[in-house]
Amino acid sequence: MSDTDGKKPLGLGGGAGKRPGQVKQSFSHGRTNTVVVETKRKRVVVPKPGTAGGAAGGGSASHLGDPSKRPAGISDAEMERRLAALRAAKAREAEDTARRAEEERQREEDRQRRREEIEAKEREEREREAAIKARQEEEERQARAEAEAKAAAAAQRKADILGTKSRAQIQREQEEARAAAEAAKPAAKSREAAPAAPATEEEARGAAKQPATTVSPRKTDREREERDRDRGAKGKGDDGRRSGKLTLTAALDGEGGRTRSLAAMKRKQEKARNKAMGFGQKAEKQARDVQLPETIVVSELANRMAERAADVVKALMKMGMMVNMNQTIDADTAEIIIEDFGHRAVRVSDSDVEQVIDTVEDKAEDLESRPPIVTIMGHVDHGKTSLLDAIRKANVVSGEAGGITQHIGAYQVKTPNGSLVSFLDTPGHAAFTSMRARGAQVTDIVILVVAADDAVMPQTIEAIAHAKAAKVPMIVAINKCDKPDANPQKVRTDLLQHEVVVEAMSGDVQDVEVSAKTGKGLNDLLEAIALQAEILELKANPNRPAMGAVIEAKLDVGRGPVATVLVQNGTLKRGDIFVVGEKWGKVRALINDKGETVTEAGPSVPVEVLGLNGTPEAGDVLNVVSTEAQAREIADYREQAAKDKRAAAGAATTLEQLMAKAKADADVAELPVLVKADVQGSAEAIVQALEKIGNDEVRVRVLHYGVGAITDTDVGLAEASNAPIIGFNVRANATARNAAQQKGVEIRYYSIIYDLIDDIKSAASGLLKAEVRENFIGYAQIKEVFRITGAGNVAGCIVTEGVARRSAGVRLLRDNVVIHEGTLKTLKRFKDEVKEVQSGQECGMAFERYEDIRAGDVIEIFEREEVQRSLA
Ligand code: GDP
């Protein structure tokens, strides 16, 4: 602030006219300062008439030449000189005046020219604004057209999805819409660029305006000269700054004004458009075919009609239906609305959306043989896991590149004769059945593992039943043949009882003696598989959109949802758009069982698929579709259908059902739990095992199960139902941990399924009502009954058996019939109150609130004991 000199010119405007020597400065942020400046006045010398030596005076030169009027003491020569000087001065003056007049004229011309320039600019400006406006209107029109085109395209796409239009047609329409959008873009761009231009022009105008406004004709030439000098000294900076300042203000004003006017214009257009889009515009509206499923969300209905949701809601309200745009209405109501709006309703079934999934039968010539998919089943501890490992390891040793295998739920091996076999490495029946329950029959061949040192066991029988139910051929692998007590023959004969006749018993089921431990017979097993596959003539068409089944799915921390898919037909490629169960996605990456990234996976190849929008479930079927919209629509439809199904299952509809449910609920104590596991297979196995726990009185209810870390949503759910959370090979995230601590939700971690089941079993046992057992501790015979005032009837007895205890329960038996049960008021031995009276001794007993006692009655003395039970 102190260097006023430097800043002085900043704000001369205000101060200049006020007081000489004081200048008011204005700085940025509105601060001002008044400073005193030294002003140097130009001395103007005006010679007074009669004053000697007034060279530049206003006196006439003629009288100076007159010696009579000449001041005394001035010589002629002197006079001459003075006259000459006077003439020269006069001439100069005349010259000066002429120059000044000339300058003035030029300035005037200048001003005129600038005025004209400004006017021209303003005219130009106005024209340009008009042009912008026109352009904008044009653009609006285009945008509207584009929106309509888009809506039409969307409607057509839906039509296509619902099977009424060819895909090519849609694509064409979409392309048209896109082209329209492209055409609209340059216009938008030029408009964006437009505001920049006026700014510079504004500047120019400001700069042009400035001299015209600041140069006042009243100002003296000298002042002007001074200013010009000043400006010269400060150089362009001053000019630039001043014009900058002016320009800024002008620009702000100008811009503000324009923006305001543009905004106003936009608002106006918006209003007009809204009005046009409403009911008023029926005339130019096109009637559409609106696909109408059984139920529809109001906003979606509006979307399909290309109407505003608010208008649809309004129309519904007029019909007396108070709904919002997110609510679902039935098809009948929707149809009335559609007709109200002047469209046509086309009723479709919801499930029609699934029709886009390519279900064309493959032609025989397109089919190529594919590797068999094998599942290993058998009783626990008969060596399923060992066998899978042994086969995999043998395969790795036999020269597969990489060598490191990944557990992705399945793997492929090469048999000695070079053919491929795909193994599902999630042994057990749960996976097999739950996948089958979901409609995914993945397995071509079941290997039934039976330990040669054991026999056919319950789960062996179960496995046989599953394989038969699924009509999947079996190969019997008689395992542990390395053991000294191995008896393969016994296994064969045992199997006969279950209608499995192996080849050795002249049946048609192949049997192979193997040892997972020594590796014996593994190649024979692979060969048997290859042979069986040959018989099955397994074929697929690799040249079509892929179809496959999820065999495992998990939520990976780094990679997001990951599903292992076994391709069953076609070829799954990177970039494919697919729907899988209630989820959908676009293949971001494919990773094979060796952990290698591959670009595609053909029939019978297991691959990890990345790029899903959520974790699907094992057994979900994957289908490649052509567009994301289709995938999303199908997934949404399935999700809704599943939700409805769950809701229907959960809601008891009739009163009887409700009552039955309430009764059942009242009788059975439930242990609610939440299960989170690392993989879908484990989660399902745990749930199935848990649901088996319990009896008529107690049961475990799995509120929810899923794959992935324990989140605070899980904790919330658990809290609401007072349930513990079971984490199998997963952990709670930090927020969930905190939430659990706050809400007192128990989280238990397990990595061994048996431990988990045992714990839950004992927890469920805790819910069993304790059994109350009665122990008879003694009997007493009443000999006499005394009536004692204040104490009532007192029995004089003899303890015949055991002990009489004061705290115990008593029953009064008359002729072996219980006529009263209660407690003792007193137990006396002679006159003293005692706690216990032994057998053979006499005592006095009185009942609490019971008087009807007679000689000859028997008193039974018992104690109750609560016995905690446990689930078997
Ligand atoms: P699973 O429960 O059916 O998966 O059975 P496992 O693969 O876990 O095997 C159970 C037990 O049997 C393990 O201790 C294995 O070491 C053992 N085992 C499996 N196969 C063989 C075999 O061929 N020979 C011998 N001696 N032991 C085996």
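Cβ coordinates are placed from backbone N, Cα and C, and glycine is handled just like the others.
Features of the protein shown, as given by TrEMBL:
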BINDING   378-385, 425-429, 479-482  GTP binding site
COMPBIAS  51-60  compositional bias 'Gly residues'
COMPBIAS  90-149  compositional bias 'Basic and acidic residues'
COMPBIAS  170-179  compositional bias 'Basic and acidic residues'
COMPBIAS  180-199  compositional bias 'Low complexity'
COMPBIAS  218-242  compositional bias 'Basic and acidic residues'
DOMAIN    369-537  domain 'Tr-type G'
REGION    1-262  region 'Disordered'
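A C-beta separation below 8 Å, combined with a sequence spacing of at least six in one chain, links Asp381 (GTP binding site) to Ala451, Asp454. Minimal Cβ crowding within 10 Å, among the binding-site residues Gly378, Lys384, Cys481, is found at Cys481.
Helix, strand and coil content of the compositional bias 'Basic and acidic residues' (90-149), in residues and according to DSSP, is 60 helix, 0 strand, 0 coil. Secondary structure at Gly378 (GTP binding site), taken from DSSP and collapsed to helix, strand or coil, is strand.
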